[in-house]
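Shown next, in structure tokens, is the structure this report addresses.
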Amino acid sequence: MRIASYNINGINGRLGILIDWLDETQPDAVCLQELKCDDGKFPASALEKAGYAAIWQGQKSWNGVAILSRGREPVETQRGLAGEAEDGQSRYIEAAVNGVLIGCLYLPNGNPAPGPKFDYKLRWFERLRERGKALLASEAPVALVGDFNVMPTERDVYAPDRWRDDALFRPEVRKAFGEMIKDGWTDAVRNLHPDENIYTFWKYWRQSFERDAGLRIDHFLLSPTLLPRLTESGVDRHIRALEGTSDHAPVWIEIADAG
DNA sequence: ATGCCCGATCTCATCGGA
């Protein structure tokens with residue numbers, strides 16, 4: 001079973017790229033972030049023609065997350081995170097797909113830091129952590145998938161010293177990610193490739209992709225009950241090279257069938 | 001130290017992204 005994550009940065013503006021990539025790589029489940037469209041403008045019928053059922057949590061202009069499932073309906077288990085009643089930002093949706101519980105998330109960017117946006121990021125991270133604890137306690141096979149907006153280690157940044165004070169790399173945020181690892185989650189891609197420089201995002205500016213000046217910020221956190229089935233991971237870098245593409249590349253993992 | 005490049009928006013400029 002292939003599970004992919006893709007921050008598409010505007011789903012309707014890049015629908016052709018998305019459909020072609022689905023046809024090419026045929027992931028079984030896809031977590032999308034930054035839809036940048038409200039619920040009514042989500043391209044459900046085009047995706048259905050491509051063979052994918054979907055659930056989504058849209059929002060006009062910003063944010064927005066979706067889970068696609070190839071050939072079967074995702075069974076929604078939650079949308080949004082508890083703990084902040086006034087939160088109108090669409091950043092979390094969760095569903096069971098083929099026996100795996102998948103939480104699709106788009107963690108807040110948090111810049112500028114310090115400031116209210118950074119505070120919101122840290123609160124959101126804690127709310128995710130709480131949801132994660134409940135999922136771990138269930139002992140279900142779970143993957144928390146998406147754009148975490150954090151580089152967990154120096155290896156995940158092309159130039160760490162330039163990012164020290166950034167909301168994606170500040171100690172508070174890396175610590176929050178580390179707390180989830182302590183809770184029992186495993187960073188799937190890093191687990192398979194401990195010593196490689198792997199990036200999933202490159203700025204549009206200054207020919208970042210051509211220079212491979214990237215960041216690894218799109219992650220898969222696996223529960224201990226799912227981790228033994230992890231076999232492979234990769235980044236579809238050729239998608240980032242296309243004209244009119246997102247600033248993120250799709251990332252994927254392979255999960256073996258349940259024993 | 002700042003902007004660069006992008007998408008969305010009732011656009012001709014601003015915000016948010018990371």
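Glycine residues also receive a Cβ, built from the backbone N, Cα and C atoms like all the rest.
Features reported for this protein in TrEMBL:
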type: ACT_SITE; residues: A:Y106; note: active site
type: ACT_SITE; residues: A:D147; note: active site, proton donor/acceptor
type: ACT_SITE; residues: A:H248; note: active site, proton acceptor
type: BINDING; residues: A:N7, A:E34, A:D147, A:N149, A:D247, A:H248; note: Mg(2+) binding site
type: DOMAIN; residues: A:4-248; note: domain 'Endonuclease/exonuclease/phosphatase'
type: SITE; residues: A:N149; note: site 'Transition state stabilizer'
type: SITE; residues: A:D218; note: site 'Important for catalytic activity'
type: SITE; residues: A:H248; note: site 'Interaction with DNA substrate'
For the Mg(2+) site built from A:N7, A:E34, A:D147, A:N149, A:D247, A:H248, further residues of that chain with CB within 8 A of the site's CB center: A:N9, A:Q33, A:Y106, A:F201, A:I217, A:D218, A:S246
Whole-number Å value for how far the residue listed as 'active site' lies from A:E34 (Mg(2+) binding site) (Cα to Cα): 7
Distance, A:N7 (Mg(2+) binding site) to A:H248 (active site, proton acceptor) (CA atoms, angstrom): 6
Inter-residue C-alpha distance, A:D147 (active site, proton donor/acceptor) and A:N7 (Mg(2+) binding site) (nearest angstrom): 7
Cβ neighbour count within 10 Å of A:D247 (Mg(2+) binding site): 17
Chain-internal residues near the residue listed as 'active site', provided their CB is under 8 angstroms and they sit 6+ positions away: A:N7, A:Q33, A:E34, A:N63, A:G64, A:V65, A:S90, A:R91, A:Y92, A:G146, A:D147
Cβ neighbour count within 10 Å of A:H248 (active site, proton acceptor): 25
